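Engineer: Take a look at what TrEMBL says about it:
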type     : residues                                         : note
ACT_SITE : 265                                              : active site, nucleophile
BINDING  : 139, 140, 141, 142, 143, 144, 145, 162, 193, 211 : S-adenosyl-L-methionine binding site
DOMAIN   : 44-334                                           : domain 'SAM-dependent MTase RsmB/NOP-type'
């Protein structure tokens, strides 16, 4: 199974870098990240360096694959390092680049594993989901974080929302591929504008995840249509406003005492720290939660850039740790 790794990663080399996007990122990120941008740029523009983590599905556990991963030198992520790490979540990664093949979607058969950027598990772990809690995944497609949440605990109710109808179909298929029927019954999937969720379901949830639409740095760099790329860049300045509106809606949907986690897959300060600063400055009932402990305990597997915030983490791609970009901020409603 794992012999296809090399062929898969070589196929990635055919991707063409979009110069329009790279030039734009160069101007911004060389200022924001300083010298670290040189390494980040090298990793982001070299798909042959990319790494893929393997999240095992506890609802159809792949014992044979797990043995195979051990033999190939994969190791488990997080285990033993995070105090509240859920024992039911198993994620494997290799120090070397490459990926195992994805499984095909088959109706009636649950997939055994999900391939993902390991940094995308950090927002899920920051949420610290417990059995029986009501949780909202506000911008849920393609569904990886919802799947990961269900590896951590069995919520009393999971609401997966996605406003984009094409991505919504992808989300439904992901859930169907990984989650058994009895659990599907505690999951609601909706197609609401996330900015309206707070008014529709005020103070309904114990935990809310806002994995916001953002400048997806990895995929934008390989935009095949330079005209579309230019359009994206010109519209990029509108994203922070959308992100702030989504967070305001999420705050309304959160019960007092509840936890909110915000995440993006961009390095952009305007979409990360600046968005969180605006929320903290404009909401007296929202408190920052210290996540520096995650950075300390996970530095073996991730490289973190300084954010200037106790409540915010920024994973940046590095050699041998090609995870991210991933920004994570944790807030509490009083």
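Glycine too: its Cβ is placed from the backbone N, Cα and C atoms.
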Engineer: If I take the alpha carbons of residue 139 (S-adenosyl-L-methionine binding site) and the residue listed as 'active site, nucleophile', what is the distance between them in whole Å?
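Structural biologist: Taking the Cα atoms only, residue 139 (S-adenosyl-L-methionine binding site) lies 13 Å from the residue listed as 'active site, nucleophile'.
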Engineer: Among all protein chains shown, how many Cβ atoms are found within 10 Å of the Cβ of residue 143 (S-adenosyl-L-methionine binding site), not counting that one?
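Structural biologist: Around the Cβ of residue 143 (S-adenosyl-L-methionine binding site), 25 other Cβ atoms lie within 10 Å.
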Engineer: Count the other Cβ atoms sitting within 10 Å of the Cβ of residue 193 (S-adenosyl-L-methionine binding site), across every protein chain shown.
Structural biologist: 12
Engineer: If I take the alpha carbons of residue 193 (S-adenosyl-L-methionine binding site) and the residue listed as 'active site, nucleophile', what is the distance between them in whole Å?
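Structural biologist: One finds 21 Å between the Cα atoms of these residues.
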Engineer: Who sits close to residue 145 (S-adenosyl-L-methionine binding site): which same-chain residues at least 6 apart have their Cβ under 8 Å from its Cβ?
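Structural biologist: Once residues fewer than 6 apart are set aside, residue 145 (S-adenosyl-L-methionine binding site) is near 120, 123, 124, 137, 209, 211.
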Engineer: Would you identify which of the recorded positions 141, 265 has the most other C-beta atoms lying within 10 angstroms of its C-beta?
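Structural biologist: Within the set of recorded positions, the most crowded position is 141.
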Engineer: Could you please provide the mean pLDDT value for the domain 'SAM-dependent MTase RsmB/NOP-type' (44-334)?
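Structural biologist: Summarising the domain 'SAM-dependent MTase RsmB/NOP-type' (44-334) by its mean pLDDT gives 95.
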Engineer: Report the largest Cα to Cα distance, in Å and rounded to a whole number, among the residues 139, 140, 141, 142, 143, 144, 145, 162, 193, 211 that the record lists as binding S-adenosyl-L-methionine.
Structural biologist: 20
Engineer: Round to the nearest Å and give the CA-to-CA distance linking residue 143 (S-adenosyl-L-methionine binding site) with residue 265 (active site, nucleophile).
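Structural biologist: Counting only the Cα atoms, the answer is 15 Å.
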Engineer: Hey, how far is residue 141 (S-adenosyl-L-methionine binding site) from residue 265 (active site, nucleophile), Cα to Cα, in Å?
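Structural biologist: Answer for this pair: 14 Å between alpha carbons.
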Engineer: When a 10 Å sphere is centred on the Cβ of residue 139 (S-adenosyl-L-methionine binding site), how many other Cβ atoms does it contain?
Structural biologist: 23
